[in-house]
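The signal peptide annotation in TrEMBL covers 1-25. Look at TrEMBL and you will find 220-242, 286-310, 322-345, 357-381, 387-409, 444-466, 478-504, 516-536, 548-570 tagged as transmembrane segment.
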Amino acid sequence: MGSCRWKVAAAALLAIVGSLLTVDADEHEHTYVDKEEVVLWMNTVGPYHNRQETYKYFSLPFCAGNKKTISHYHETLGEALQGVELEFSGLDIKFKDEVMQTTYCEIDLDKAKRDAFVYAIKNHYWYQMYIDDLPIWGIVGEADENGEDHYLWTYKKLEIGYNGNRIVDVNLTSEGKVRLVPNTRIGMSYSVKWKKSDVKFEDRFDKYLDPSFFQHRIHWFSIFNSFMMVIFLVGLVSMILMRTLRKDYARYSKEEEMDDMDRDLGDEYGWKQVHGDVFRPSSHPLIFSSLIGSGCQIFSVSLIVIIVAMVEDLYTERGSMLSTAIFVYAATSPVNGYFGGSLYAKQGGRRWIKQMFIGAFLIPAMVCGTAFFINFIAMYYHASRAIPFGTMVAVCCICFFVILPLNLVGTILGRNLSGQPNFPCRVNAVPRPIPEKKWFMEPAVIVCLGGILPFGSIFIEMYFIFTSFWAYKIYYVYGFMMLVLVILCIVTVCVTIVCTYFLLNAEDYRWQWTSFLSAASTAVYVYMYSFYYYFFKTKMYGLFQTSFYFGYMAVFSTSLGIMCGAVGYVGTSAFVRKIYTNVKID
């Protein structure tokens, strides 16, 4: 009986991983022979200013062609989560076979259908199609200058470029403007023209990219500015800390040579005075360890996905970026368990199974909870962004059958390999009282100020990332993103080290949460910037788009904050261990 259960679980695991690895559509080979079927997929339609608010193409009263039978299409997990709903257009298109203008269907335009088209035209609805994975955009119609009469584009003029046996270019011209009058019949037509092209298959997506936007002077200047900030900050931190620590080491060495009376009359303050409490377990160690483990995993996922995107050009396949991110997140679950489990063991935690569950499901619960909430709104609007029930089940299966077991493996390894509390200083049995200090040395103030410089190093890149996701731009400069990620990590570590040193020098040993939160406060500034971007850089409107935008921006900001907090804590922890290792303490 037990072996059967394991076989079923293994089969489910293989099916889930297989679905993640499949990022291509049926047009896998992208090669055709003459007169072979070429499928025109109709994807979504929606308002131009609300890119994420999309509906099925045939939710508008468009009609389809007569052709019904095509090769079966397999939707990937990433496409389902992104609202990609491909439906066959019914148009008969064959490779290198030209089609003159042909009427493929007629619309009986009653009042309800006319009102639907008028609403779409008033809200500037665009639709998207695909041929051989190449996206095509067209506009539904237009209104006259007075806004009284509305016209529908009825003629799709397709021009397809080919190089050898591959499709390398697709262009759509909308013609046949017809006035919308109730109780009339409107004929929909299309034509296909094939032309030979010199574009290489590997370069066919270049026309969709916008080098003038992503690589203009402001982008280069922001990278240079952030790089100079890193050099200045690292140099400043190194100079201040090395000079200060050298003085502290000299003073403490001198103290060791003093007699008891001189030591009592001496200058008793500084970070050495809290050596018996600096390695005391943080408050709420279970949630703290889970946050650190999750942040380390997010950093690993970000690094790996950016590298894969730089090598593989993931933007050329529908849903491949999201599918890759899900697969990498599931595969890096041991990182979460290792860092979270080892830290929890070092801090003397005993409920390690509970810690493992919280660490494993912290990020998935946040993402899925937000997605399911927005999903109810999408279902109310009948939007294509509504996640199918089967996709929800697949995501839950990934969490329970992939992420949780791998997290358990990482937790066991972390507890056994690096879970011993080998601190350089003994922890006092009684906590040392924290003396009063100036207001700007309080942890709350340090936390609020700690995220300013990390945010300053990335906020220009945030504009490009937001624009690529919330507007019609394809983000492809992942080399810039990698450089910005490195700069962000360096700036975050330097800032948290400085904040922690000042805190310890004020004889406040509550550095664990302070280092984490001061780095994580970057997320607060990113989310505040998202408000500015929404109101001043977009023309979004409506409940669906507003909830979608601020919901997923909250998920993005929180994930970024957890990652920055973990990076800041890991760097600060190494610094604290280093300075207390080099000081001789009786």
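For all residues, glycine too, the Cβ spot is worked out from N, Cα and C.
Scored by C-beta pairs under 8 angstroms, the transmembrane segment (478-504) has its highest count with 444-466, from the stretches 286-310, 357-381, 444-466, 548-570.
The transmembrane segment (286-310) and the transmembrane segment (357-381) are in contact, since at least 3 Cβ pairs between them lie under 8 Å (pairs 6 or more apart in sequence).
Recorded stretches compared: 220-242, 387-409, 444-466, 516-536, 548-570; the one with the most Cβ pairs under 8 Å to the transmembrane segment (322-345) is 387-409.
With a threshold of 8 Å between CB atoms, the same-chain residues lying at least 6 positions outside the transmembrane segment (444-466) that come near it are 213-214, 218-219, 222, 226, 229-230, 233, 473, 475, 477, 480-481, 484, 487-488, 491-492, 495-496, 499, 502-503, 514, 517-526, 529-530, 533, 537, 564, 568.
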